[in-house]
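Trainee: When I checked TrEMBL for this same protein, it listed these features:
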- G24, L25, D26, N27, A28, G29, K30, T31, G70, N126, K127, Q128, D129: GTP binding site (BINDING)
- T31, T48: Mg(2+) binding site (BINDING)
Amino acid sequence: MGLLSILRKLKSTPDQEVRILLLGLDNAGKTTLLKQLASEDISHITPTQGFNIKSVQSQGFKLNVWDIGGQRKIRPYWRNYFENTDILIYVIDSADRKRFEETGQELAELLDEEKLGGVPVLIFANKQDLLTAAPASEIAEGLNLHTIRDRVWQIQSCSALSGEGVQRLFLRGTESASHD
């Protein structure tokens, strides 16, 4: 199930605005993913200090994407952005295996947040272009995603740098692991 399928379930008419919260640890590739989605230049990206907001038109939907920095000192402020979130996108650096436990803890805390209760979650297993990247199936298993029962979720392999897997999830759906 892709983003459009979820949007159609959430919104009765496609001309509505959709609030998407884009989270993940620092250096996971959130801003690169957002710029790739918006068809913007990705050659000069710096770490997000605070947040970026981009509005992207897709298939009649206006996607307002809030890209929040992932540095440890910024994470406590994530909760300030939970209100009225329609979809949570969580980005994982698939090649940074040393941080899988940390990213898993952050994701688990997000899924326990009352203000995000029932909000669909799209997880991007980013940086699949790197040889050391763990496959999405391994990440899903390691994070026990199969235990998520209170919301629609999906994990998608991607490379924000090349764009591989990004547009597929947003526009056409995918064959990656999902639960709904």
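Each Cβ is built from the backbone N, Cα and C atoms, and glycine gets one as well.
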Trainee: Rounded to a whole number, how many Å is the Cα of D26 (GTP binding site) away from the Cα of T48 (Mg(2+) binding site)?
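Mentor: It is 8 Å, counting Cα to Cα.
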Trainee: What is the biggest Cα to Cα gap, in Å, among G24, L25, D26, N27, A28, G29, K30, T31, G70, N126, K127, Q128, D129, the residues listed as binding GTP?
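Mentor: Between the outermost Cα atoms of G24, L25, D26, N27, A28, G29, K30, T31, G70, N126, K127, Q128, D129, the distance is 21 Å.
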Trainee: To see if you understand the setup: which same-chain residues, six or more apart in sequence, place their Cβ under 8 Å from that of K30 (GTP binding site)?
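Mentor: Spatial neighbours, sequence-distant, of K30 (GTP binding site): L22, L23, G24, T48, D67, I68, G70, V91.
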Trainee: I need the CA-to-CA distance for D129 (GTP binding site) versus T31 (Mg(2+) binding site), whole Å please.
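Mentor: Here the two Cα atoms are 17 Å apart.
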Trainee: Can you see whether DSSP assigns K127 (GTP binding site) to helix, strand or coil?
Mentor: coil
Trainee: Given a 10 Å Cβ-Cβ cut-off, pick out the one of the binding-site residues T48, D129 that has the most other Cβ atoms nearby.
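Mentor: Neighbour-count leader: T48.
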